[in-house]
Structures are given as structure tokens and as C-alpha cells.
Amino acid sequence: MLEGGRLVGESIPCSGFVSRTNEKLRMHCSDPSKLDFSILFSFSFLHQADRFVNAETPMQASCQGRGQRASLPLTLSTFVPNTTKQTPKSQSLDRLINWRTKKPFSTENVQDDDFIRKFAVGYTATAYADDIHRKGFLGWLESKVVLPYGNAYYYWTAVVTVAVAYNVITILLRAVFDEYQHPYYIMWLVLDYCCDLIYICDMLVKFRTGYLEHGLMVRDLRKLALNYVKRLRFVLDVVSILPTDIFYIYLQNINNPIVRLNRVFKLPSVFDFAEKTESRTSWPNAFRLFCLIACILTIIHINGCLYFAVSEAMGLGSDQWVYNDNNLTDSFSRRYFYSFYWSTLTLTTIGETPYPEKDEEILFNTVDYLIGVLIFATLVGNIGSMIANMNAARTEFQARMDAIKQFMESHRVERELQRRVIAWYDYQWTNKTNLNSDAALATLPPKLRAEIAIHVHFKTLRKVTIFQDCEAGLLVELVLRLRRQVFSPSDYICRKGDVGKEMYIVKEGKLSVVSDDALTVYATLAEGAVFGELSILNIAGNKNGNRRTANIRSVGYSDLFTLSKDDLWNVLKYYPEAKKLLINKGKEILRKDNLLDETVEDEQEQADRLADSFQARLQALKDRYETVIGRYEEMHRRMNRRIAFLESKLDRRYCQDTTV
């Protein structure tokens, strides 16, 4: 019977050996001095039999089906008599029994691996929530890991960037221009400590920011903390938040914000935000230009503040180079804008500035000129690169167009055809059609490329009548094989009587079904129309013989998606059920239009069966041939080894005879 998931009281059928061993053990256990090693080996076998019986095995199931039971339960306690007095040998036997009956592996401390279980079949979001609830507060913390590529982290880096920009711009400005600091010192203190709070919160966020390890997001709290602490960014963040405000007490002046200059060590966070924004924005070149201008203006601002500080140190108005402070009523804006103007002229080297007269002024000007050269080189290089990137598509397009023009001129193509080719290129450029879309998508991994193709074409393919009930896997495979074609005005997509090798789906534009002389228009096909699908199915008995039944011409410029017959049948090899479904649907359409010859269909089916039978026999012969060839090669190798052995033996015999 079953008890606790194990069988109790069941035994192996035909237990003659077990019964004999049982009696032998009872006899020897009554006199332990007669115990020998054969009994111990029998005892070991019984223990293995006990484990076998208690396990769920096919043999056990067959025994239960026959209703067979053992005469004795195979438990080790039945072989050991309950004696009150034990000899040393019997005690040794007891210890041996106890040792032998121990479990080889303990399963008490075995726990499920939560990480592996997350990838098991049936593991859902509800199960994940149950895991978090089971782990308590630590589980809740693990669920709050910040994803470095998520929107929340991106917006948070924007907040940190604002705080860093505030410190970079205002700390030096307030330290140099006292009249900008004194009247608003309470406001500055509030803003300063709000930014400090943002810095502290950012460090906490960094401790919770996940990272990828072996392609998986790490959520372990300790690993996340160690990953952050081991990086240089952690050192910079700690330096940027050091409480240097205590120097206010030492200086006894709360209006000297230069003590907070360490806050600018947080600057790498701004670069992180710029990188993330550049990858997200639809105008990366414009954003790069904005960042470049912002960096240049910031450098000019800092240099202007330093110029005014040096002027104050040298003495305002002491010579022609320093700031002239003859008018003591100059406002803050006048002082700042003049310093900014001087810094711009110096760094860009595009204007005349007074010559320095003192050594300190000469040194400062020299450093400024060097920085200006670097800025000018960076500015020219980056702007040139941006302009080249912005015009890259136009340049490539123009190069192709010029090559086509040269080709047509060299081969003396007629002017009307040249005009149509140039008009087609103009249409491509005017509608911003990417001629290299396949090359651009080729850089993506297959999964993302498939998702983009599905997003663009899946609904269109669903409109095709014969594909409406097909499984999604087949449609995905077909979507990846759709190709785009653009037709010019009056171009024929197909003519009556042509062999159908492709089906067409109208993406944009209008097509006309016309007569042979193109004077009569029978119908107009608009966006979403599908034609040519029956010609690529190779339906036996089709009276049209897979040929086009109408002339279809483009009215204006038309964009069409095409699916070739070869691509369709290459996919259908892996979807036999879908193949039958498509052919049956095609037959129904042909029957409705009285275009299906049933007799030819039966003959084709019989021919297909014969072909399949012949193919199967041919494959069987091929397999037998490969088997025979394999045996022959093996026999050939064995024969070669035998011959080599005999030759070596003859050589040794010959050497011995020669020696004698």
C-alpha cells in the first residue's frame, strides 16, 4: 500500500533468495559467533532490495498489477532479534546495521533555487510576487532594483544633471561676484542643500542600480553595492558630497560658496544623461550640437569668472589688462557680461584684447590661449563631423544618382528612359524612402529584425484571404520574406499570360486593371489590395496554369510588397498542415470561379503519391548504400591493420633469420 508517497509492505516476487537469506540471518543472529562475511554480503543485498522495493519502479508496478506480495516485508528490523544481552560481536553487528541503514544523502536542507525556478515552465508574475512576499522585506527590496535602461532611471539622471549644472554654473559665479551672493544668500542656501539632498539620493539609487552579469540582471543587494563601491564613480560621488560646508564656521563667512567647489566632481553624471538622451532622441545630430555649444558656453563662463577673480587679485583698474573699475556703480550684469565678452575673445582668438603687463596676467593669458586653441579645434572638428553626418544620406543618394546618370550617358540610353529614371530617384528622395533599409536592419539581431518586420507588415499580410486562418508562426516567417518594390507611372506590374512567380500587396498608390491595348480600365486597386496569390500555390488543375489573367499597371508611383513563390514554398516545407490549408483554400476559390479541373487534380495527386513513394524508396536505397559503404570502409580499415601487422611480423622474422 501507499504511505507517504512510498510503498510499504510490498516486496519483490520470486523472493526465494530473500527467504533463504532471511532464515540464514536469523540462525546466525542467534549465535553471532557464527557470523561470516557471506552473511554480511547477503545483508548488503537485502538492504539494496529494501531500497528497490520502497522505490517507484516499473517492476514494482507490475508486481502490484498481479497482486503479488512478499511473504516477509523487506525491512532490516525483521532480521535483527530483540535481545537484552549482546556480545561484542553482536554490538559490532548492530553498529554495522545502523551504519548501513543510514541515508546516503540527506535531503533535509535541500532548498529550491529561486533563481532557477524563475525560468521553469509555469513560473508567472504571480509566482514571482509570492516569492517576494515569502522573502519579506528583503524580497521587496530585490523587487525595487533600478533598471539602468529604464525610463525612471533616465528621468532621475535628468534631475541629477540639473543639480550638477546648478553647482557648476553658480558656485564660481557667486564666489567671484559678491553682489550676486549677499542679497539672496537664504535662497542660495536652500538651493544648495536641495542639490546636496539630490546627490545623496543619487548615491542611494546607485546602490540599487542593477547591472548585467552573463546576460541576466543582478538583483542581489550585496553584489549591487560591491559593484558600485569598486568603481571610480563611487569615489567621485563621495568626494562631491563631503560636508565642506563646515568651513563656513572656520571662515566665519557664510557668503563664501567656494568651499562647495567639490560639488563639481559629480560632473560624470551629466555625461551619462547626455549619452542616454543621444540614444533616445530622434535628432541625435541636433542634440550633439546643443551639447557642444553648452560645453563651450560653460567653459567661457568659468573662464570669465576666473578673469574677474584675477582682476580683483591684481587690483581693479590697476592696468589696461584687468577689469577697469573706474565707475564704481557698475552693476553685476555689466561686470559679468564684460568678463564673459573678454573670455569669448580670448578663447576663440578672434578679437583684440589688451596686452598683459604682469607675470601673473601673462601666465593666465597663455593658459587661456592654449585652451582656446583646443576649443577651436574641437569646435571645428565636431561641427564638421555633425554636418557630414547630417548630409551623409544625401551624399550617398547623390553619388548613386550620379553613377546612374553616367551609366546611361555612356550607354546612350534614350532621353525618355533617362527622364523616367531620374524622376524615380526624385520620388525616392522626396518621400524620404530609405534605399538601404535592408542594410540598416541587417545590423539588428534576428529577433529585433523580426519584430520590426512584424510591426510593419503583419496586419497587411493578415488581409490576404488565403492567409487569414494560418498560424502565426507561418505568417511571421512570410513577413520576414516580404520585399518592397516601387513602380513608376504607367509601369506594368504584370501582363496577361505571364508566369506568376510573385504575389503583390499594395502598400501605397493605385493600380489599374486594363485591357490588352491599355485603353479600357476594368478596375482600380487601392491600398491593401492583394493579387497574384493563386499563381504561387502551384495548384494542380488550375485552368490558368499559374499564369496571369489580367494586365495591371501603376497609375502613379506605387509602393508594393512582393512575396516570391520560392520563398513561400521554402517556408511551407516546415508547415505541412498550413500547406494543405492554403492549397484547399486556393482550390475553393478556383472552384467558385470554375477554374479548377478536378480530373487533372486527381491525376496530379496520383502522380504526387508515386513521386513520394519513389522518393521514399530512393531514400531507403541511399541509406542502404551508405550502410554498405560504411561496412566496406570498416572492413577495409581492419584489413589494412591486419596486413600491416603481418608485414611487421614478417619483417621481424626476416631480421631474425638474417641475424642467424
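Backbone N, Cα and C atoms are what each Cβ position is placed from, and that goes for glycine too.
Whatever TrEMBL says is automated annotation, not expert-curated.
Pulled from TrEMBL:
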COILED    604-649  coiled coil
DOMAIN    466-572  domain 'Cyclic nucleotide-binding'
TRANSMEM  153-173  transmembrane segment
TRANSMEM  289-310  transmembrane segment
TRANSMEM  369-392  transmembrane segment
Query raised in the report: Mean pLDDT for the domain 'Cyclic nucleotide-binding' (466-572), as a whole number?
Result: 84
Report task. Grab the same-chain neighbours of the transmembrane segment (289-310) for me: Cβ-Cβ under 8 Å, and only residues 6 or more beyond its ends, written as numbers and ranges. Result -> 168-169, 172-173, 175-177, 274, 278, 322-323, 335-336, 339-344, 346-347, 360-361, 364, 368, 371, 375, 378-379, 382-383, 386
Query raised in the report: Mind checking how the domain 'Cyclic nucleotide-binding' (466-572) divides into helix, strand and coil residues in DSSP?
Result: 21 helix, 40 strand, 46 coil
